[in-house]
Amino acid sequence: MLLVHIISFLLFFQLSAAKAPPSKTSLINTHERRSIYSCYVGLRKETWGFNGSAICRYEPAIQSMLYCLYEDTHEKGYSNKTLEKGFEEMRQFCYTPKFLNMTDAEFYTSLDNGTYYIQDQPKAGINITYPIRLNTTLRKAYYDAYYGYYYNHDIPYYFGGIICAYFVGVMLLAGLIRFLNYTPIKKIMFQQKLVNYVRGYTTLPTLYEKHAEPFSYLKVITGYLPTRFETLVILGYLILHTIFMAYKYQYDPYHIIFAAHRAEVAHFVAYRSGILSFAHLPLIVLFAGRNNFLQLISGLKHTSFIVFHKWLGRMMFLDAIIHAAGFTNYYLYYKKWNTVRLRVYWKFGIATTCLAGMLIFFSIAAFRRHYYETFMALHIVFAALFLYTCWEHVTNFSGIEWIYAAIAIWGVDRIVRITRIALLGFPKADLQLVGSDLVRVTVKKPKKFWKAKPGQYVFVSFLRPLCFWQSHPFTVMDSCVNDRELVIVLKAKKGVTKLVRNFVERKGGKASMRLAIEGPYGSKSTAHRFDNVLLLAGGSGLPGPISHALELGKTTAASGKNFVQLVIAVRGLDMLNACKKELMALKGLNVQVHIYNSKQELASAEKISSNEVKNGETTAEKAPSSLSNSEKAPSESENTELPLSLNDTSISDLEFATFHVGRPNVEEILNESVNHSGSLAVVCCGPPIFVDTARNQTAKAVIRNPSRMIEYLEEYQAW
């Protein structure tokens with residue numbers, strides 16, 4: 001990723017070094033501007049003596065303009081202060097040395113002289129050598145026409161701002177609810193039946209029984225469905241966007257500015273869709289970034305912001321298509337297509353739209369899942385090119401501020417990311433192969449203040465020639481043995497994790513490697529604020545919940561009033577071996593540990609009946625596309641023949657834990673936890689189906705127990 005970051009930086013640097021500064025956006029629907037332009041349109045059709053139609057150079061024409069401005073101003077109830085703003089508008093309109101040097105007093109003198117000699121507008125064809133008064137009906141029609149034109153110019157900026165404010169408002173509301181965690185108000189609120197019915201039916205559950213697990217239609221269309229909460233946020237945004245695209249266009253029934261209603265509609269719709277498209281840029285860049293201040297405020301997962309990022313990108317592209325189609329129709333009507341298509345801004349507009357389409361096309365779930373590194377490289381390069389073409393498209397028009405904001409957000413995110421990496425430097429990590437496909441990574445911390453909270457994650461770059469530019473997310477734990485060490489457990493899949501696993505295997509099962517670690521990311525969990533905590537861990541999603549168990553067990557052991565249960569679902573003993581030190585640290589703590597092994601080992605467990613829930617496989621590495629794939633467990637022979645694993649975990653080592661053969665029944669376990677008095681937090685990280693089951697069962701428990709405070713805290717992330 002380092003190379004594509006350099007390319008994107010160079011493109012952004014080129015933007016800042018442009019030959020001429022781009023035009024600033026200004027709101028133009030002011031009385032003085034409407035009046036000046038409407039008066040000009042009415043007066044330019046007259047035949048002025050001596051100077052023809054040169055209104056700004058012929059005194060009677062100038063006096064007529066000033067009188068028209070005066071009538072419009074006082075007719076609308078404005079004061080002389082507004083009239084003087086009209087004088088300034090006329091200076092800029094004519095923009096000659098004479099006008100630029102005229103004082104307000106000189107404007108008033110010219111107006112007084114013109115008023116003294118003013119006459120009614122004559123019939124057409126007469127050579128005019130005196131100031132005239134425009135026909136009142138026509139003057140008002142011209143004024144209204146320009147009011148509509150400038151209104152349609154300005155209103156999209158307000159609409160774009162409202163869309164940004166909508167998402168900021170949602171995040172502030174989520175942040176307020178998060179703040180209530182530190183007050184007794186939330187406990188009272190979450191014990192209200194109405195509140196819990198709303199939570200159980202609308203905000204907690206998945207949309208169609210799936211969220212972490214990707215949906216598939218005809219094995220071609222795949223992707224991740226949002227949760228119901230995310231769906232509500234997206235639905236609110238789509239409703240707003242639809243209203244803003246369809247609401248309150250001001251049309252001119254007299255066709256003073258546009259020759260036909262078709263041209264007027266095409267122009268207004270195209271302009272509005274273009275501004276709304278650009279208004280999405282800051283949010284799109286912000287939501288894709290790792291250092292998103294709205295994520296810090298709201299406490300929402302990065303996964304949720306990626307969902308919003310995708311939908312904003314899709315609607316931005318739709319707006320761009322409408323924008324392009326509208327202006328194409330407009331110029332075809334005026335028969336200017338062959339001329340305008342050769343202009344530079346038009347060519348950059350086409351390039352911008354094509355790049356937006358490519359960004360979306362190469363972001364489909366199937367492509368991300370199978371070619372994630374290619375997707376990331378293309379996405380960054382296309383995004384940089386997209387912003388560059390956007391810049392060139394509007395450099396002589398308006399809307400550049402949206403691009404300024406997007407680039408500023410991108411730049412701040414990169415600076416913070418570099419700072420995070422610098423805090424740890426490039427430490428050398430000890431890598432140890434566990435079983436056939438797990439690698440335990442131990443990293444010494446050079447800084448004492450660097451601490452990973454339970455459930456947090458880091459982005460790791462393995463500094464090897466074949467993969468140093470790649471950056472992948474992994475759950476991180478502070479070592480329970482040495483507080484100056486970090487621990488990461490990764491599962492080898494495809495790509496970089498497979499390269500790392502093969503490297504360690506070639507080194508005899510143990511190796512050292514330089515890493516670049518960026519993080520930690522993710523907010524501190526609120527699980528410690530609940531009376532009871534149920535920790536559900538599946539597969540290689542164990543590190544997060546086990547970190548919670550270690551912290552909760554230490555803080556609650558003295559009081560003994562809390563019920564903390566850690567439920568671990570594994571296939572074989574490899575994951576237990578990888579986290580053996582952390583598991584052994586639970587001994588003597590106030591944590592009930594239940595381990596479900598769905599793969600029967602030859603000499604490791606008694607046979608205990610258990611109910612089933614569908615099982616998949618996940619990983620502490622939250623790889624954006626690969627998390628959705630179920631992975632086959634290695635065969636028993638693979639486990640027993642590999643000489644590179646740690647000493648096998650045995651029943652005697654974990655005598656404090658209760659072992660089960662089979663898969664955990666999440667519903668039954670959850671119902672048992674609900675029976676304990678007090679509030680309950682359910683923390684889950686595991687295979688996609690396991691996570692979705694836990695989410696939906698928790699939502700049902702909230703509905704069944706509307707007077708209890710039950711919260712679901714999910715640590716699984718996929719994008």
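Every residue, even glycine, has its Cβ placed from backbone N, Cα and C.
Checked against Swiss-Prot, the domain name for Met90 differs from that for Glu373, so they face opposite sides of the membrane. In summary, of the candidate residues Asn101, Asn671, the record from Swiss-Prot lists N-linked glycosylation site for Asn101, whereas the others have no such entry there. Looking up Asn127, Asn181 in Swiss-Prot, the residue bearing an annotation of N-linked glycosylation site is Asn127.
Taking the Cα of Asn127 (N-linked glycosylation site) as the reference point, the closest of the glycosylation sites Asn80, Asn101, Asn135 is Asn135.
Distance noted between the C-alpha atoms of Asn135 (N-linked glycosylation site) and Asn101 (N-linked glycosylation site) is 31 Å. DSSP gives Asn127 (N-linked glycosylation site) a strand state. DSSP gives Asn135 (N-linked glycosylation site) a coil state; it is part of no helix or strand. When the domain 'FAD-binding FR-type' (408-527) is classified with DSSP, helix, strand and coil residues number 29 helix, 45 strand, 46 coil.
Asn101 (N-linked glycosylation site) carries neither a helix nor a strand DSSP state and counts as coil.
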